[in-house]
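Here the structure is laid out as structure tokens; the discussion comes afterwards.
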């Protein structure tokens, strides 16, 4: 029963399985002399899913999802140190995307898995942004980075929080389905803390007000976003984006949070059995590892927002040795990048070990962390890179400790001298 003649000359098509006409269903798909409707396709999928063994379904759901170990191994290629944070992130991201697969395949399941958004706490230049970027690149999902300090409540001068979702859509060429599985990294989240831990009667459009607006996005809402190119006329529909499955990673330096944590731990550590350790003996990293939700609330984040970010990972302040490793070891290491740039001119680059340590020391002194490494090396090589394209017979550029500490020009080795050596 594929087609029947109606009262008119046109033929009415029917589903070969359930017998419904093309007017009773949304879609009728044609095969060789047979037709199947969208309702029968859904029914067939349901039967196959029900008959699939639980273990096989789980394996299928995980087939192309990297394991926590694989995620961490990939992070190791780009991020030096921060082992506890990388392990915690790997598990959280794996569970998040495993939850999405489960949600798609097990509709009607009585167990509802909640989303675990992530909060990264650590000093400037410790790798918070790089961790989020590397995760998104590895998982091949849309990624956008937003600065919390530019956000204001809707209706005020500044950037609306829903602009974040619009940027996410732009990053994947307005593919709504892909955007709804993306990653959003919100930097400087600590800068929108409310001015006191007591609710204020005055408007705080860039503090608590923004937190309330972000809360809706993070916990899951339907965000209205203008279509690509903006609305051409007032009646054109907005795109509706469900943020329920978007993974939000928030990061901040949280300067001053260590005092809040110390006040709490000192208050609870009174008595004969209490362990005594002076403030001078504890690094900020050690203190941050003891952070509790109540500390973040005391710092100025609203309780609802803290509750939506159950995974809290603290990043360590980078040591001199770690900064030297960052200069040379990752796939996108600064030294490797400058070596490649000079090789394009037919010149080798050598940076002496003492010079690497000098760069690390200067970055520590500036309190810029890994972020400051590139600018220090660039500053020492800028004149050389300006002159190299016009220079002849230069074989190698050597950066010594004095190049960094005393601003002396790098040593240039010429081809004739190189041959004699």
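Yeah, the Cβs are placed from backbone N, Cα and C, and that goes for glycine too.
Here Swiss-Prot flags 15, 18, 37, 40 as Zn(2+) binding site, drawing on sequence analysis. Less than 8 angstroms from the CB of residue 18 (Zn(2+) binding site) sit 37, 39, 40, each of them six or more residues away in the same chain.
Residues or ranges marked as ATP binding site in Swiss-Prot: 123, 124, 125, 126, 127, 128, 129, 130. Mapped onto three states, the DSSP output places residue 124 (ATP binding site) in coil.
The domain 'ClpX-type ZB' annotation in Swiss-Prot covers 3-56.
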Per-residue pLDDT averaged over the domain 'ClpX-type ZB' (3-56), given as an integer: 77
Other CB atoms within 10 A, centred on residue 15 (Zn(2+) binding site): 23
Closest of 124, 127, 128 to residue 15 (Zn(2+) binding site), Cα positions, binding-site residues only: 128
Output field, Zn(2+) shell: CB within 8 Å of site CB centroid, site 15, 18, 37, 40 dropped: 16, 17, 19, 20, 25, 28, 35, 36, 38, 39
Number of Cβ atoms other than its own within 10 Å, given for residue 130 (ATP binding site): 20
Sequence-distant neighbours of residue 129 (ATP binding site) in its chain (C-beta under 8 A, six or more apart): 145, 185, 187, 251
Most Cβ neighbours inside 10 Å, all chains, among the binding-site residues 37, 40: 37
